[in-house]
């Protein structure tokens with residue numbers, strides 16, 4: 001137990017140590033984060049204020065945008081500040097908090113994406129029973145289960161982290177605290193811990209991705225019996241979901257489903273799904289969804305009218 005208390009803080013090397021490149025990182029991440037906040041908060045506000053967006057699909061989209069906002073906020077603000085500092089340190093307790101929040105909202109996003117696929121499956125393959133199966137009560141329970149499941153997953157990550165003894169090396173070659181880079185610093189054999197990591201994070205990513213691929217394959221196959229107009233509308237929605245799923249799951253599986261080895265590209269891949277995907281999600285869902293775009297126009301029109309009355 002004595003060894004575990006030897007390291008009280010870690011040094012984060014970030015994306016780069018070059019001063020010029022760090023300024024570029026500051027500008028790029030700041031723009032991406034502001035775009036993420038604006039896009040996702042706009043979707044959240046639109047869904048909350050629009051009566052036309054009361055279906056389960058938009059209920060799940062609301063929670064996806066909420067998880068995207070929180071997921072990005074766990075990482076981006078600190079990256080922005082750290083890019084201005086010469087030496088970046090993070091305390092052991094802050095590291096634990098970041099691991100918990102990062103995995104909590106990341107796992108929540110995975111579960112919400114699965115629920116969105118279930119919703120589309122029921123809507124397209126069992127349209128006559130849709131309102132009974134996907135009632136407001138059922139959707140509320142499903143989202144609650146997703147939150148609880150995410151808490152269980154992230155708690156497991158914390159237990160794995162606290163089981164590692166750190167007795168000297170404290171330099172993390174990354175821009176965030178996560179179990180993978182921490183395994184390199186532990187002064188013990190991490191083979192079992194890495195197996196547990198793969199069976200936890202890796203299994204969640206892989207099993208969820210396989211489920212999603214199979215569900216969308218069934219959905220696309222069933223569209224053959226629909227009318228041309230119905231097929232076009234359903235296909236547009238499903239393609240948006242498939243794009244989001246691919247952008248998020250492929251990098252996650254690359255990071256969490258392999259042995260305890262690191263590659264130079266790991267940091268950029270992590271940037272993609274922690275900073276890039278939360279920015280792209282609102283763009284994908286709004287650009288390909290006429291109902292969301294119309295609801296946003298109505299919200300914008302209402303704000304303009306209320307401003308004119310003042």
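Any Cβ shown, glycine's included, is placed from N, Cα and C.
Long-range Cβ contacts of the transmembrane segment (24-45) within its own chain (Cβ-Cβ under 8 Å, at least 6 residues beyond either end) map to 14-16, 61-62, 65-66, 68-69, 72, 76-77, 79-80, 83-84, 275-276, 278-279, 281-283, 285-286, 292, 296, 299. The feature transmembrane segment is assigned by TrEMBL to 24-45 (among others).
Mean model confidence of the domain 'G-protein coupled receptors family 1 profile' (39-285) amounts to 88 (pLDDT, 0 to 100 scale). Taken from TrEMBL, the feature domain 'G-protein coupled receptors family 1 profile' covers 39-285.
Sequence annotations record features per position, and here TrEMBL assigns transmembrane segment to 57-80 (among others).
Per TrEMBL, transmembrane segment is recorded for 100-118 (among others). Away from its own ends, the transmembrane segment (100-118) comes close to residues 57, 60-61, 63-64, 67-68, 70-71, 74-75, 139, 142-143, 145-147, 149-151, 153-155, 157-158, 176-178, 201, 204-205, 208, 211-212, 215-216, 241, 244-245, 248-249, 252, 274 of its chain (Cβ-Cβ under 8 Å, at least six residues beyond either end).
Annotated transmembrane segment per TrEMBL: 138-160 (among others), in sequence order. Within its own chain, the transmembrane segment (138-160) is flanked in space by residues 56, 59-60, 63, 96, 99-105, 107-108, 111-112, 115, 118-119, 179, 193, 196-197, 200-201, 204, which lie at least six positions past its ends and keep a Cβ under 8 Å from the stretch.
Residues or ranges marked as transmembrane segment by TrEMBL: 201-223 (among others).
Here TrEMBL flags 235-256 (among others) as transmembrane segment.
Residues or ranges marked as transmembrane segment by TrEMBL: 268-287 (among others).
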Stretch in 57-80, 235-256, 268-287 most in contact with the transmembrane segment (201-223), if contact is a CB pair under 8 A: 235-256
